[in-house]
Amino acid sequence: MATFKDACYYYKRLNKLNHAVLKLGVNDAWRPSPPTKYKGWCLDCCQHTDLTYCRGCSIYHVCQWCNQYGRCFLDDEPHLLRMRTFKNNVTKEDLANLIDMYNVLFPVNQKTVNKFINNTKQHKCRNEYVPQWYNHLLMPITLQSLSIELDGDTYYIFGYYDNMKNINQTPFSFVNLIDMYDKLLLDDVNFNRMSFLPLILQQEYALRYFSKSRFISEEKRQINHSHFSINILENLHNPNFKIQITRNCSTMSVRWNEACKLVKDVGTYFDILKTSHVEFYDVSPRCRMFTQHKLKAVSKVIKPNYVTSNHRALATEVHNCRWCSVNNNLIVWNDFRLRNICDNILNFIRALIKSNTGIGHCSSQERIHIYIRDVFDVCDESKWNASVVGIFNCLEPVELGNAHYILLNHEVNWDVANVLIQNIGKIPQILTLNDVITALHSMIYDWFDVRYMRNTPTTTFTVDKLKQLCARRKTVDYDSGVSDVE
């Protein structure tokens, strides 16, 4: 059993404040939610289990039981998960406030210990001090947290997470902030709590405390598209697709890291809870991460042999050719923008090949083919640059002075011609490597200008940022007929 979950279950009965704050979905009647095979720690109840996606941010971080309350660490309501979430520069004072909150919600004193021991003996006829019966008393106060970085903002979700060596398929990594506080002060807090426990339980408490307070922080995990709801990935091909998210909101107006102080003023806390409500947002999936996912999908299904062919048709419209025909039934082609990018890039590269080499058939096995797939993923700059340089060198450039040049005297389609005119001023007959890079960049940036995109989608915005975008009507920056340039 998860220690944090058990502590919330038993301490919830202590008083009115605890009953409101420590209410977890995992301790209530089960309501079904989409099952998944993602393993990790539920941020709400801290147990290691199968996770489902959060309705607030679309990241897999909540178990199927806690999902019924729809809590997210990015909410603007003072529920327990939000009060345990700290942001960016965490100070010693912030950590002291967190420890105070733990002491308020999970007190360990003689009265509390006697009450729990008497209840256990009375109801279960248990006269021994077996740790599993007193799991709720054995939750030490630590500065153990799961951390995630979202576009420059780092979030720390504090809690007591068991079994830290278990499989972690989430973008959250364990971080120990004890050095930001004071080891001796934290030791003193826990030794004081431990002194009220029977000797056998003291030993177990000490083992748990030191194992969770002296560990070395993990390296940051890189968030990627697989950490988000599969529903999003399945609909990315639709240019009009919107992500629907819900956020728990209230009139809480404290500094982000000071939310945990609200439990010290019970009256104010319940006044804020009375203003709690749910807000719904439709946001765009446009971000660097999902754009890269789409561009990689294109690179996997194109036919590199097209660049050495003589077909009159565009790359996505070639039929009955063993080497050049693509499967037009694939869902990736439902996005006309990806189709346009594919047609233009391959048309431009083919024109360069025809202008500078004698290759004349799509069945040819050429060295240049190995560079074609990587020229679509502009988000991976190093690999993209290497592929463009590889293509350029395969065209046997001529050196004049300190520069290398290639020819362009083969026809290109109208879209490619417009790109060249827009960026170079005319359709040139001689190109440098920089000209080629500029042209290829423009063919992608016209639709997906990743230079100005967030890495993660707007589902990871805080509520105040979502409200700002909503006020300017920019939560959904999509239009099926307008490119980034337009």
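Placed from the backbone N, Cα and C atoms, the Cβ positions cover glycine too.
Per Swiss-Prot, the feature region 'RNA-binding' maps to 1-81.
Listed as Cβ neighbours of the region 'Zinc-binding domain' (42-79) (distance under 8 Å, sequence separation of 6 or more from its ends, same chain) are residues 1-5, 8, 21, 23-28, 30-36, 85, 146, 155, 157, 159-163, 166, 169-172, 223, 227-232, 243, 245-250, 252, 259, 262, 269, 272-273, 276, 278, 457, 459-464. According to Swiss-Prot, the feature region 'Zinc-binding domain' maps to 42-79.
According to Swiss-Prot, the feature region 'Important for cytoskeleton localization' maps to 82-176, an assignment based on sequence analysis.
Taken from Swiss-Prot, the feature region 'Interaction with host IRF3' covers 317-486.
Among the features that Swiss-Prot reports, motif 'IKBKB-like degron (ILD) motif' is placed at 479-483, with the record citing sequence analysis. Predicted-model confidence for the motif 'IKBKB-like degron (ILD) motif' (479-483) is 42, expressed as mean pLDDT.
Feature annotation from Swiss-Prot assigns motif 'pLxIS motif' to 480-483.
Summarised by DSSP class, the composition of the region 'RNA-binding' (1-81) is 24 helix, 16 strand, 41 coil.
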